[in-house]
Amino acid sequence: MPKRRDILAIVLIVLPWTLLITVWHQSSLAPLLAVHKDEGSDPRHEAPPGADPREYCMSDRDIVEVVRTEYVYTRPPPWSDTLPTIHVVTPTYSRPVQKAELTRMANTLLHVPNLHWLVVEDAPRRTPLTARLLRDTGLNYTHLHVETPRNYKLRGDARDPRIPRGTMQRNLALRWLRETFPRNSTQPGVVYFADDDNTYSLELFEEMRSTRRVSVWPVAFVGGLRYEAPRVNGAGKVVGWKTVFDPHRPFAIDMAGFAVNLRLILQRSQAYFKLRGVKGGYQESSLLRELVTLNDLEPKAANCTKILVWHTRTEKPVLVNEGKKGFTDPSVEI
């Protein structure tokens, strides 16, 4: 059995060598483990030679740095004194997906310079939900309201003589514009009727900005078709309509498929959407026939060959379990 003195001697001999080997091992691996970062260099690593920088995967260190970046809410572009103002008229009404629809639309409009959002609620008063949402966006907006009388509202029957949803709200916006701007106003502007459930390309707003009288373009997912569009001849003039539903309408076009010069709206003070005696699909014609003829229309979107707006609709949420056993708090705004 080894003596205690012998064990101590072995420990004193082995311990220094163990420490030396450990230090040497760490110093030899350090260059391989270290992340080099030169002063003044971009914290993101450059892609290897020949690699597509858009497909190059950054290191874990870079990903962590991106996650730590604080979110900054985007505000609209600076106002320009040279660009015409686009007045976007949006009727809206209370429903479970209203805030989601308006939020999505606001996120699009935030990228459009010189834009004024005219939001008109179908309600007896302006609702706090819509008021807060508009205020928080930072957009240039006007918040109006007018309630459609119950006996005017559609009941889902195409033969029902009641007016289509949004008619009174769009008319209130037209009245507001005429009361705000004098009839002989020289301020350049364009009026566009944009529902809150559609999807809009940013290119669409730049296309309509140069509207002299009334500009037109295709709209996707309407009339039971992939898209409806004005029919344009070789001379760049609108001569008809590519649609199945009643193609002989004066203006067989969807509400999202045209924009009107502000001066024309101000000068033709009698032009409104008709409340009575208008068949389904004729609301657009009831306004446009008071403003222009077919020959006056200006085809946009590459002579009406590009799709820049989609008549999308959010699926109605199934809330069959709502209110059972107090599972959710009804005071939480959605």
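Cβ from N, Cα, C; glycine included.
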According to Swiss-Prot, P91, T92, Y93, R165, R170, D195, D196, D197, H311, T312, R313 bind UDP-alpha-D-glucuronate; which one of D122, D296, D329 is annotated to that same site?
D122
Per Swiss-Prot, the range holding region 'Interaction with galactose moiety of substrate glycoprotein', considering 25-34, 55-64, 245-254:
245-254
Determine which residues of the chain contact the region 'Interaction with galactose moiety of substrate glycoprotein' (245-254) at the Cβ level, with the cut-off under 8 Å and only residues 6 or more beyond its ends counted.
216, 219, 222-224, 228, 230, 281-282, 284-285, 288-289, 294, 311
Cα-Cα separation of E284 (active site, proton donor/acceptor) and R165 (UDP-alpha-D-glucuronate binding site), in Å?
13
Give the number of CB atoms, excluding that of N321 (site 'Interaction with galactose moiety of substrate glycoprotein') itself, located within 10 Å of its CB.
9
Going along the chain, which residues six or more apart from N140 (N-linked glycosylation site) have their CB under 8 A from its CB?
P76, W79, L115, H116, W117
Of the recorded positions N184, E228, N303, N321, which sits closest to D195 (UDP-alpha-D-glucuronate binding site) by Cα distance?
E228
Do you know the DSSP helix, strand and coil residue counts for the region 'Interaction with galactose moiety of substrate glycoprotein' (245-254)?
0 helix, 0 strand, 10 coil
